[in-house]
Amino acid sequence: MGRRSALALAVVSALLCQVWSSGVFELKLQEFVNKKGLLGNRNCCRGGSGPPCACRTFFRVCLKHYQASVSPEPPCTYGSAVTPVLGVDSFSLPDGAGIDPAFSNPIRFPFGFTWPGTFSLIIEALHTDSPDDLATENPERLISRLTTQRHLTVGEEWSQDLHSSGRTDLRYSYRFVCDEHYYGEGCSVFCRPRDDAFGHFTCGDRGEKMCDPGWKGQYCTDPICLPGCDDQHGYCDKPGECKCRVGWQGRYCDECIRYPGCLHGTCQQPWQCNCQEGWGGLFCNQDLNYCTHHKPCRNGATCTNTGQGSYTCSCRPGYTGANCELEVDECAPSPCKNGASCTDLEDSFSCTCPPGFYGKVCELSAMTCADGPCFNGGRCSDNPDGGYTCHCPLGFSGFNCEKKMDLCGSSPCSNGAKCVDLGNSYLCRCQAGFSGRYCEDNVDDCASSPCANGGTCRDSVNDFSCTCPPGYTGKNCSAPVSRCEHAPCHNGATCHQRGQRYMCECAQGYGGPNCQFLLPEPPPGPMVVDLSERHMESQGGPFPWVAVCAGVVLVLLLLLGCAAVVVCVRLKLQKHQPPPEPCGGETETMNNLANCQREKDVSVSIIGATQIKNTNKKADFHGDHGAEKSSFKVRYPTVDYNLVRDLKGDEATVRDTHSKRDTKCQSQSSAGEEKIAPTLRGGEIPDRKRPESVYSTSKDTKYQSVYVLSAEKDECVIATEV
C-alpha cells in the first residue's frame, strides 16, 4: 500500500512539473530481449504460476545530471520512474499506452529549468513474482542495468541506442523537446502569442516576438499611428489613428490652435494670435488697412483709411451714402415746375415742359391771366417777370388748380377718429371719450364727479375708476361694504346686516357680541345679540343696563348659595364634636382663661419669627388629642403662626399626663412654683437648675417670638406675646 502511495505521489509530482516545465525529456523503451530468462546473478527467475525461468520484467529509470562515472544510486536529480510489469523475458513495447493504463510510452521527465544539454541515464530491468510488488531495493531482482551519459541538443528527432550485456539486449530512443510556448537551445525563451492589452504578437521559431500589423515595441503594445502623425503633438490608442494633444489640431496634429477669438492671426505655438499684415488688436480684428482689404467705396469713390478699422469714402457727384452706394435722385425735390416731367441724369436732371412753358425748370410761362388758365375757381395773378400764378381754392391743387385734393389723405384726425371729406373741408368723427376739431382731446369723465361718498376719481379713455373710502365699494362707491363679508360671527352663528351694523344670531350654547363665548347653561332658543357700537365700528344706541343688572343679580345669587353651603357644613361639624369638659369648679382665671384651659395644649415648640408664615389672616391654633380632651383656640388677628410641625410625635405623652394635670389644676394655687421639664423640643437643657432657660427668646428683630412650653410642664402656664 505504501508503494502505491509513493507511485501516486510521483505521478502527481510529475504532472505538476509538467504544468510549470519549460521542456520534457522523453525516453521510449522499444524492445527488451532476455534469451535465457535469467537474472543478473545467472539464477533462474522463479515464482508465480508461469513456466520455469520466466522473468516478469519491469523497469526502473533514473535520470540525473551528467556524471563522468555514473552511479546508479539515488538521488535522481532530473527524475525517476518505475514501470509496471511490461512483459516476460523478451518483448517489444509499442508507442502510446500499453496493456497497463498506468504506463505510457515514451516516459516523460518534465523540466522546470533550462535544459543543460547533458544527462546521465540509468535503466534497470527487474523481475517480480507479483505485479503488485514493484520494489527496486532488492538486488536479487536485478536482470540487467544500463548506465550511460550523453550530450543532447533540443530537437524533435529521436536518438536511437542499443544496450547489450551479453544475455540481454535493450533497444531504446530518447530526445528533449521544448514545452509549448518555450523556445531556444535550453527551452529558456518563453513566448506565448497574444492579442490583448498586454501585447499583440506571435512567436517565431526561436521564440522571438513578432508584432502583429499596426503594433510595435518590445511587447508589441505600442500602436503604429497614422503615417504622418506628428510624433510630439499626436498620439494613438489603436493602429492607423492620430489623436491630437491639447492645443493642436489637424489630420496630422501639426496645426496649433490659435487664441480663442483670433480672426486674422496665426500661431507657432498653441494659444497665440500673431496678427497678419494690416491687422491689429488683441484678436487681430482691427483692420489697419481697411480700404485695401475690403474696398468698401463704390461708384468710383475714393477710400481713405482713418484709423483701426475705419475709413471714409469721397463720393463722385451724383452719389451719396457711407460707401457712395446710393445714386442721388436730382428729381426727388421736384425741381421742375408747372407740371413739367423730370428726368434724372447721372449728375443732373432734365425738365420736359408742358405747352406754354419754358425755362430750365419750366418756370416761365408763355400764357397770361387773360388766357384764363386757372381751373376750379382758381384766382389768377400775373407775375412781374412773366407768366402767372393760380391761387387754388380749398380742396384743389396744381399749377392750374386742376387737381382735386384728398383732404383726408394726410390723416388729420387723431385717436382713431374717422375723417369725412366734405369737398371744401373735412370733418373728424371722434371715438367715444375724445373731442376737439381733430379728436385730440380726451374727455374728462371725472368732470361730473361720479364717485360718491368721498371716493377719488381717476379718468381714463371713455371711462373712469373710483378709489372708495373704507366702508364703501362698487363702481361709484355707492354701495356700502357688507359688515358680514368678513364673517365676524363665530361658532356657526348667522350674520345679519342692519344698515351700517351687523347682528350675530348665535347657535344654541354660545353667546357674546360675535358668539365667541360658550355659555354654561344655554338658553332654550336662539340668542340674537345686537352688537354695541364698539363692535359695530360706529357710535350710538342706549347702554345695556338690563344685561348688566341681570349679570350682577346672578353673581349675588351664586355667592349667597355658596355661603349657605359653607354654613351648613360648619353646623354639621360642630354637632359631631364632643362637649368640652368642665373645669371642675376652677374659678381662677388668667387672660380670660381658666387654669384647666391654660394647662391644656402647652406642648408646642419654640418657633422663631423667621419660621412663621405671615399671611395677614387670623391664626387658628387647634389641638385635638382625643375625645376625652377639650380644645381651645388662640387667635392672633394678623399673623398665621404655623405650628403644626412635628406635633404628632408628642400626642402619646400628652395623653399619659392629661389626668394628672387636671388634678393639679384643681389643687394648685396661683402663686405655685414652676417646675422645669428636663427637656424641651427646641433643644436639650442639661442644667435643670436654670428655669429661665425654658423660656427662650428669638433673636429675630422683625417679629416677636412665640414662647413654646414642653408637654411635660407641670404648672398651668400659658405663653403669650407682650
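Numbering starts at 1 and runs along the chain as displayed.
Glycine too: its Cβ is placed from the backbone N, Cα and C atoms.
For C256, the disulfide partner named by Swiss-Prot from the candidate list C253, C262, C267 is C267. Looking up K575, K613, K633 in Swiss-Prot, the residue bearing an annotation of ubiquitin cross-link is K613.
For C362, the partner cysteine in a disulfide bond according to Swiss-Prot, taken from C353, C369, is C353. Between C229 and the candidates C211, C242, C244, Swiss-Prot annotates a single disulfide bond, the one to C242.
Within the listed segments 243-246, 571-574, 719-722, Swiss-Prot records region 'Interaction with MAGI1' for the stretch 719-722. Note on the domain 'EGF-like 3' (291-324): residues 278, 280-281, 285, 330, 346-347 of its chain, located 6 or more positions outside it, place their CB under 8 angstroms from a CB of the stretch. Proximity of C203 (disulfide bond) to non-local residues of its own chain (separation of 6 or more, Cβ distance below 8 Å) is seen for H181, Y183, C191, R192, P193, K209, M210, given in sequence order. Listed in sequence order, S22, G23, V154, G184, C187 are the same-chain residues six or more apart from C178 (disulfide bond) with CB atoms under 8 A from its CB. Among the disulfide-bonded residues listed (C267, C380, C477), C267 has its Cα nearest to the Cα of C253 (disulfide bond). Averaged across the domain 'EGF-like 6' (408-439), pLDDT for the predicted model comes to 83.
For C506 (disulfide bond), the nearest of the disulfide-bonded residues C229, C401, C413 in terms of C-alpha separation is C413.
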